[in-house]
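Visitor: One structure follows; several queries about it will come next.
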Amino acid sequence: MAPSNQSLPNLDPQVIEYLVKKGYNRTEQMLRQESSNLDKDGKPIPERVEDLGTQKYTKAFQLLSNWVDSNLDIYKFELKKLLWPVFIYSFLDMITYGFTIDAEAFLHDFGPRFEKFHHEDLQLLETLKLKSHIDENPTAKLYRSQKYKVPLNNNVYQALITFLEANSKTGGTVLLNILVAYLEIKTTERGNLDQYSFEAIVSRSEDTANDEADQEGIPGTFIGVTNKDIINNAAVLKLGFTPMDPDLAADLRAELEDEDIRNPPKPGVPTLIEEHERRIKREESVEGPKASEIPYPPSRARDLKMEILKIKESRDRFTIDTRTGGIGAGISICMWTFHNTLDTATPTNSRRLIGHAGPVYSLSFSPGIASAPGDISGPSTTSKLLLSSSSDKTVRLWSLETFTCLVVYKGHEGPVWNVKWGPFGHYFATCGWDRTVRVWAQDHISFLRMMVGHDTSVNQVAWHPNGAYVFSASDTSDKTVRMWSFVTGECVRVFTGHTEFISALECSPDGKILASADGSGCIILWDLAKGTQIKRCRGHAKGGVWSLSFSVDSDCLISGGADGTVRIWEVKVPDDPYKDGGGEIVGTGGQADATRINGGPATGSQTNTTSGAGGKKKGKETMITADQISAYPTKKSPVYKVKFTQMNCGIAGGVYLP
């Protein structure tokens, strides 16, 4: 009989049918298992990607690309360093082994991902069709003759290896082979890097790496990141006002018209409607964020009353005159000095909020405004919520009506140094030891945004008045200020210039200027639109400027620091910034020379004979720049907090140090 031409798969059903008839159940089950390609657990055995020919490169790169894109933000920047070398070595392998058509398809599918930074390299790859082309091209020869160096943090490297081993059959083995054959991964102990990190900026600008372990790429090739890309301080920002809810705006206008009829203003004083149109009105424009970009809860009666009070205070506020002839403006400062009684005295009308498992580092009251004395009509406009951050890695939300903890927010991987409510409530920002800035909503238990970029602990955070941007500052080796977009989570500005740890941040009410202060007593004003430094204000002695606040008109800045003084600064750049540039000398040990500070501009440098503690040390000279309007010394109290009220009155607070 001639042998049958039927293939084995066509015979399987007939053999299985025969085994069933004969009752060979065990043999039948074994045949079914083998023919359906099942493992002992009954699960399909996947095909090994490495057996798919040139398709293994496509599937392996897609596997790595998807994993990197879906990874944690804190690891993404470092992991993305792997994509370019894996891409280019996969392409060169296919060309070397003669699979030109497959290589062109690979380049077409994944090349656009690298178009922004590797446009010229992609054009080069398009010209490579044969192995001889690789041997003749200088750049291709560099890639083939040397290993591509990639520095990775230990945690990132371990996560990568674990992922590749877990996905060995779906492309992990192919990727491991590429990493071993063509890459040299250097593991380091330093924290995760980001393109906006201080270390990255310095190394790119100097065109060198800080450490041999951090050298990346192959000498003579472009790795895809330049200093221009890192510090793009010319990006267009939306610094205008956030538009008001249309229903709230309509109700506000009606209430203001009624109030003007009931209580007409005095002659020469603008009506509330006029004040609203001139200063407070917030409509949607191209200069500000759209209402849909940052959603807020529906407005309530309390919001309407707060807006009316803001307009009244704006109209009736004190007007601050800037410097005229070197004589400071008459600004009132109310100073509160707190004494630590160590529980020896029982305070009246106080509450204890207990819940944190460690020291509390920061507090923030929700936006509120005091009503007029005796005004009991309508809802209360005082703060109803309090945020606290602690070393126990949590942020707590407290009710100021029931004095209980409402929510515990968890997410930071270390102490949370600072917490700040957004300008309209609902959202708040935190920063901490884990080098991250996070933005939360009070009705979400987890954070909405995580901003990663600082090299060291982030200790200061502040909001832009339109609520679309967050500022952060780091200490130790970083010493940079960063501006983050709340909408996208991306860093849009990096400000460098401080030489000491940054101790305070504040954005002007008009949203155009940022003020930052450091431990040396220096204050720097920044132009947000241009991304440049405006000027430096000097006058505080060393120890740090711990608090800053702008006047309502954004033309004056108040500061308080460890030297025990409250100082008022003119925000406008002086016509002659070098006039009286020698400044005057103030004492050290937290003591200012009160006999000379408000006596007009100095006529040169003088040496202060004020001694330090106990009179053992001679006073250290501190220069005062010409833009200081006034200075108010305390006796011995360092000033921890200063604030301009909506009426342009100054408030300061400090602690008595015996």
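Cβ atoms are placed via backbone N, Cα and C, with glycine included.
In TrEMBL, annotation is done automatically, which means it is predicted and not curated.
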Visitor: Would you mind telling me which of 189-210, 277-298, 365-386 TrEMBL tags as region 'Disordered'?
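Guide: My reading of TrEMBL: the region 'Disordered' range is 277-298.
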Visitor: Hey, which bits of the same chain come close to the repeat 'WD' (545-572), Cβ under 8 Å, at least six residues off its ends?
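Guide: Apart from its flanks, the repeat 'WD' (545-572) reaches 314, 317, 320, 322-323, 328-329, 331, 333, 335, 503-510, 512-513, 515-518, 521-523, 525, 537, 539, 586, 588, 590-592, 597, 622, 627-644, 646, 648, 650, 652, 654.
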Visitor: When the repeat 'WD' (409-440) is classified with DSSP, how many of its residues are helical, how many are strand and how many are coil?
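Guide: Taking the repeat 'WD' (409-440) as a whole: 0 helix, 19 strand, 13 coil.
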Visitor: Under DSSP, the domain 'TFIID subunit TAF5 NTD2' (53-182) has how many residues in helix, strand and coil?
Guide: 103 helix, 6 strand, 21 coil
Visitor: Along the repeat 'WD' (495-536), what average pLDDT does this model show?
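Guide: Per the prediction, mean pLDDT sits at 91 for the repeat 'WD' (495-536).
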